[in-house]
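> Have a look at the structure that comes next, please.
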Amino acid sequence: MSKRDFYEVLGVSRDASERDIKKAYKRLAMKFHPDRNQGDESAADKFKEVKEAYEVLTDSQKKAAYDQYGHAAFEQGGGGFGGGFGGGGADFGDIFGDVFGDIFGGGRRGGGGHRAQRGADLRYNMELTLEEAVRGVTKEIEVPTLVHCDSCDGSGAKKGSSAETCGTCHGHGQVQMRQGFFAVQQTCPTCHGKGKIIKDPCNECHGQGRKQKTKTLNVKIPAGVDTGDRIRLSGEGEAGEMGAPSGDLYVQVHVKEHHIFERDGNNLYCEVPVSFAMAALGGEVEVPTLDGRVSLKVPSETQTGRMFRMRGKGVKGVRGGGIGDLIVKLVVETPVNLSSRQKELLKEFEESCGGEAATKHKPKSEGFFNGVKKFFDDLTS
């Protein structure tokens, strides 16, 4: 089957810049990466095709040869792979490491020698109460992870023995294969990129150098965190291969809903009910805060929904910026379960507000009905 044009594979024009080529490669490599398409042979083939196109079009010599001769440029002098194995040559692993190293927890292997793979990063979802998030707290957590085997010190080899340098790649973890007059590096098929062969594996970890364990950690949560904040614990992720550095543990914070307060940034919000008599006549009402109850003076003739700001009663931000405020919304309650006498008093009150002077006791009603009147006047004019 004939190969597709490399420019077509990456979806770029022939005069595309190296930056455009790299951008297209990253997008397609992410899309077709085997770790994201496990078991999908079609995606694996497309990933190889994209990688091959990128390797050619970002190398000035290869690109010039391809632009002049097409795929035939890489089939000269033997037509395909040949020339045996070697340890040197150009390294095309750099861009692969740049794109996928952070996503899949991997390091990258350079042409100058093998570097063991860093351990994978882990994530732990932690749920906090609002009080814990605002004040800070230390939480004990248990994390299942991979740790270095203490029996072999992470080497994978039985105590008293050691791993041997791979004879195929001479410890590089990669081998060089020749395609036409170009050399391409690939993962060593003997040691699978590790650079070493373990002939006498450790009985504890079966040659892996790592074993499963549940770690207990005390995590200090700083005051002021909020949902979406992430705390990094360096080196508390999975242990790396063959003694390589461990990954990191990221604690993802989620703050549970509170039955009184809502949080927006460093400010807190709450609703406080008041009787219609207090709203009309004024008075004082107790308001809950995270530090205890405080009194709020309610002015006379307060309408429902009015907001009051209590400065410094909010949250101290984890990134600084001072302490937020508590915003109190007063909600005027309509009385229920009235006795006959209470109903009579309310009727008397309503009648006393009637007549031409009624609107002066109901400022919102006056504005509303004036607006309704104007609306219908406009319709009929």
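Cβ atoms are placed via backbone N, Cα and C, with glycine included.
Below are the features I grabbed from Swiss-Prot:
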type	residues	note
DOMAIN	5-70	domain 'J'
ZN_FING	136-214	zinc finger
REPEAT	149-156	repeat 'CXXCXGXG motif'
BINDING	C149, C152, C202, C205	Zn(2+) 1 binding site
REPEAT	166-173	repeat 'CXXCXGXG motif'
REPEAT	188-195	repeat 'CXXCXGXG motif'
REPEAT	202-209	repeat 'CXXCXGXG motif'
> Cβ under 8 Å, sequence separation of at least 6 from the ends of the repeat 'CXXCXGXG motif' (202-209): give me the contacting residues as numbers and ranges.
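Distant contacts of the repeat 'CXXCXGXG motif' (202-209): 148-152, 154-159, 239, 241-243.
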> Name, in the order they occur in the sequence, the residues of the same chain whose CB lies under 8 A from the CB of C152 (Zn(2+) 1 binding site) and which sit 6 or more residues away.
K158, K159, C202, E204, C205, G209
> Taking the centroid of the Cβ atoms of C149, C152, C202, C205 as the Zn(2+) 1 site, which other residues of that chain lie with their Cβ within 8 Å of it, listed in sequence order?
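Other same-chain residues near the Zn(2+) 1 site: D150, S151, D153, G154, S155, G156, A157, K158, P201, N203, E204, H206, G207, Q208, G209, R210, K211.
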> For the repeat 'CXXCXGXG motif' (188-195), provide the mean pLDDT of the predicted model.
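Mean pLDDT for the repeat 'CXXCXGXG motif' (188-195): 82.
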> Please list residues from the chain of C149 (Zn(2+) 1 binding site) whose Cβ is under 8 angstroms from its Cβ, counting only those at least six apart in sequence.
G156, C202, E204, C205, Q208, G209, R210, K211
> What are the DSSP helix/strand/coil residue counts across the repeat 'CXXCXGXG motif' (188-195)?
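Counting residues by DSSP class gives 0 helix, 0 strand, 8 coil.
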> Once the chains shown are all counted, how many other Cβ atoms turn up within 10 Å of the Cβ of C202 (Zn(2+) 1 binding site)?
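Its Cβ shell of radius 10 Å holds 22 other Cβ atoms.
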